Amino acid sequence: MEQELNFSGRFVGKFVNSKLTPLLVITSLLIGYFALTIIPREEEPQIIVPMVDIFVGMPGASADQVENRVVRPLEKLVWEIPGVEYVYSTSSEEQAMVIVRFRVGEDLERSLVKLSEKLEHHKDRIPPGVVGPVVKNRTIDDVPFLALTFWSRQYDHEAIRRVAAEVSQHLKAIPDVSVTTLTGGMPRAVVVHVDPGRLAGHGVSLFELTSALQAANRKFSAGSFDRGDALVTLEAGSFLSTREDVENLVVAVRGQRPIRLLDVATVTDSTDEPDNYVFIDFGPAAATELPEVPAALREGGPAAAVTLSIAKRQGTNAIFVGDVIREKLAILRQTLIPEGVHIQVTRDYGKTAQEKADDLFTSMGQAVALVMIILFMTLSLRVALVSSVSIPVTLALVMFSFYAAGYTLNRITLFAMIFSIGLLTDDAVVVLENMIRHIAMPRNRGRDPGRIAQEAVAEIGDPTILANIAIVLAVMPMAFVRGMMGPYMEPIPIGTAAAAMLSLLVAYVVTPWAAIRFVKFPEPVEGSKLDEPPPETVFERFYRRIITPLVMRPMLRWGFIIGAWLIVLGAILLVPLQIVKVKILPFDNKSEFQVVLDLPEGTTLERTAAVTREIAEYLKTVPEVTDLEMYVGTAGPFNFNGLVRHWFLRRGSNVADIQVNLAPKGKRTAKSHDIALRVRGPIQEIARRSGANAKIAEVPPGPPVLQTLVIEVYGPNEEGRQQVARQIRTLLEQTPGVVDIDTYTEDDQRQIFFEVDQPKAARLGLSPEQIAQAIRMLVAGAQVGLMHMPVEREDVALLVRLPKPDRSSLESILALRLASPTSGRTIPLGEVVTPREKLRDKSRYHKNLQPVVYLTADVAGAEESPVYPILKLVKTIGELRAPDGGSITQWHTQVPLETVSGYSMKFDGEWQITYEVFRDLGLAFAAVMVLIYFLMVGWYQDFITPIGIMLPVPFSLAGVLPGHALLGAFFTATSMIGFIAGAGIIVRNSLLLIDFIIELRQRGLTLEKAVIEAAVIRLRPMVLTSLSTLIGATVMLTDPIFQGLAIAIVFGEIASTCLTRIAVPVIFYQVEKWRAKEG
């Protein structure tokens, strides 16, 4: 009589001999291939963190006035908006910027609407004299995925920029290309250099000149009239389109004689004075990695350059868009780009996304091949062939699930897929192994293969389903990690849950169908041999010799249990002893890093360029460098890190960036982080000699922060906050491992203020506003319109300013002459103004409405995690005294609620992310344990049995933490993820074992016999699943980001194999003995 089948057995029966099953296999492979080809690939994940910049101007106002009249009311308004998490502000002379950051996951469009409505509703509260606000939203899609640097040794910056602008216009027409930005060079401009002497000699005022320019550069529609049956439209006015048009313009008439502009000024058609420089140069690795650049061109020193950075539309494939751009460039090289202009690709996130994807598929292929080899060695070639069908089907379905969920293929979803590799094979291995065991049973020889498959699956079906639910419960709480790290974590639980359930489905549908076709069934036998169990392997006999005395002898049993817990305790002590150190994420091995250079405020552009070139000359000697781009006075193309830190706003004669590109990681032995450590010292030595501050900015592996180590100083007044910040900065400089120390507070900068003699100016018919505008126009220059040149791709500005020699000293500026409307003569500027020298106002910063002073630093060398310098700083900062004589209150996780009564500081940066992630992952682990316990209680209807299943979970720490110590790796967020997932795997294997023990006891075996026999019979599938999981993780051990996960899984599985395979039956036996004794 055949046994009655449960749900799992009946479900398998629907497909094991069905003609539909091979069609499902083919369909799964096709939709997986479809998803693989169509899913967008990009470098960064699509993280929704609505972030809005609000710019406000208040001409002539001091930083204090801007702070109190503009920023404070604006901050309060936006702080009222639901969903706002942070409000940052910067108040400077004449301008302010407020950054509004909503909570992660808030709807972008809805957030913008709420902000716009709030600002519009309170427009009546804008003080007089305020310009703006201008609102700009920032998203991850603003980050350029491609940067093309145009350079030449024949053409200057202006000519290169005109070529790049023309190319940009053509590339904008490509579908899925979003914003394009030109950096470097100066756009074409027509500049009117006013001659004060000639202007005064002809009795023409500056305002007459500018009014004439504006009036002559206008054209209007003037109506229409009927001419017969036709309508004729009228147009009046004119545009200035050439330099000659400007020179011949009549700006005034004196004594019936027209005064032309060329009589009082000199006109140039070129560019305005440069406010930035961009250069490109090449390093030693260019000889092998950039063969398209001839040696003669590489060795000529820095070359003039202009960078065209290109962003793509949301959700589009960076690889496809990049390929189309290259095809277009190939055409433009033949038709548009001069022979002497070269193009160097200095960023290509599509290429790096492709490399990551290739690494994933290589890892997957290696893992699958190794799993098949293990199955071949432990079972048979036919069994390996079965896995060659079921595993690719599972992979295909997982890929399609990512596509269906709306994910792109980026470094985070790739991480999630690699993470799930080990789980993809487990169910198939368990089903296959149990089928092989049933096939080998003498009583099954000659029976229907389909029925044997159903019975084999039925035996392990319910606990396998339960085990997969346990895996899902183990990883799903990670989806609720908060903050910026949340979107980074989300694909992991989603992908793992999908992998677990899809692998179970494939194991029930495809594996039995393939097994009965590939696996050889033995011939039928007769007689007593039908009841003989299949022979045990050497490994099973060895295991039986270990488990039997531990079950049967109490002293050995307790000795093992106590010893196992002591091993776990010893492993945990590795963390407080700092043998294993904690860090949020290790540095990735990228092919780029940045040098961010800040000279004292007021430094000239030429001086900044000289220091930048000196640093670049050193970088050219680094063997791994292929090329480097110098951006002086402006910011280079920003990445996700620069987006969050707002580096795209860096402007000024004292700032510079150097983009350093390295040889591909496969062609160098040193990792990018090691290279950055190596060059930091020499670069900072050069910077110190020049009074500059140089920072090395690597691409962060996780969500970017303001800096690795950020200290925020709060207090009742700015002077006191600065004093506390100076004390803490001294401590930072004395703390080993803390580097790149900086502050947001500007250096002292002298400023000359022209005080107007109002009575005298009034007698001369001049107002203070007219005088101020005249000084600004002549010295800073003023744009009075646009030239109308249809062939130009960029706007051609019409500018008015003094020649540089006439505004290069205070004396020459005071000698400028202004026309007096009342006296009819011109008077020197010095007659109506008095110059007074003062210090320029420094910027004021707020965070969440509280005034703050920022200190930033990085961590390098032996201490690469901010956790350990902070532990040292906690003690030393506690010994400091505030300006009011009190102590400095330290906050670690939240902004002080009150800052008026005393001084306080808060640690931020990577520390904040570290705290939030490990806090949330710890809570997730606790939730995992509770959920799994509830599941077990619901399944077994027993409060005690689940405890026996879950007690061995911490035993994996006996492998996880020593594994990190052995390999010298940080315990990271990915390590924690691996540990949590390992808990689910341990529970899964425990379920399969304990469920079988219960089944054997129901068949009449004693507790001792049932525990030993179940442990021996279930040993092989558990070891095989451990091996498949371990193999899937081993391929990630060399990856800097995934290494923590790989170590947690590999060494956790080793500890699980050595401890929990013994601990689970032993502990369960002991629990059952207690239960029996009590009643």
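Every residue gets a Cβ built from N, Cα and C, even glycine.
Automatic prediction, not curation, is the source of TrEMBL annotations.
Some features that TrEMBL has for this protein:
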type: TRANSMEM; residues: 20-39; note: transmembrane segment
type: TRANSMEM; residues: 360-377; note: transmembrane segment
type: TRANSMEM; residues: 384-406; note: transmembrane segment
type: TRANSMEM; residues: 412-436; note: transmembrane segment
type: TRANSMEM; residues: 457-480; note: transmembrane segment
type: TRANSMEM; residues: 492-510; note: transmembrane segment
type: TRANSMEM; residues: 555-577; note: transmembrane segment
type: TRANSMEM; residues: 921-940; note: transmembrane segment
type: TRANSMEM; residues: 1019-1038; note: transmembrane segment
type: TRANSMEM; residues: 1044-1069; note: transmembrane segment
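Contact between the transmembrane segment (1019-1038) and the transmembrane segment (384-406) is not supported: fewer than 3 Cβ pairs lie under 8 Å, counting only residues 6 or more apart in sequence. Away from its own ends, the transmembrane segment (921-940) comes close to residues 466, 469-470, 473-474, 477-478, 480-481, 946-947, 949-950, 953, 973, 976-977, 979-980, 983-984, 987, 991 of its chain (Cβ-Cβ under 8 Å, at least six residues beyond either end). Below 8 angstroms of C-beta separation, residues 3, 5-9, 11-12, 423, 427, 430-431, 434-435, 438, 486, 489-490, 492-494, 496-497, 500-501, 503-504, 507-508, 512, 920-921, 923-925, 927-928, 931-932, 935, 939, 977, 980-981, 983-985, 987-989, 991-992, 995-996, 999 of the same chain, each at least six residues beyond the ends of the transmembrane segment (457-480), sit close to that stretch. With a threshold of 8 Å between CB atoms, the same-chain residues lying at least 6 positions outside the transmembrane segment (1044-1069) that come near it are 415, 419, 422, 543, 546-547, 550-551, 557, 560-561, 564, 567, 586, 945, 948-949, 951-952, 955-960, 962-964, 966-967, 969-979, 981-982, 985-986, 989-990, 993-994, 997, 1007-1008, 1011-1012, 1014-1015, 1019, 1022-1023, 1026, 1029-1030, 1032-1037.
Tertiary neighbourhood of the transmembrane segment (20-39): same-chain residues 317, 389, 392-393, 395-400, 402-404, 407-409, 506, 509-510, 513, selected by CB-CB distance under 8 Å and a gap of 6+ residues from either end.
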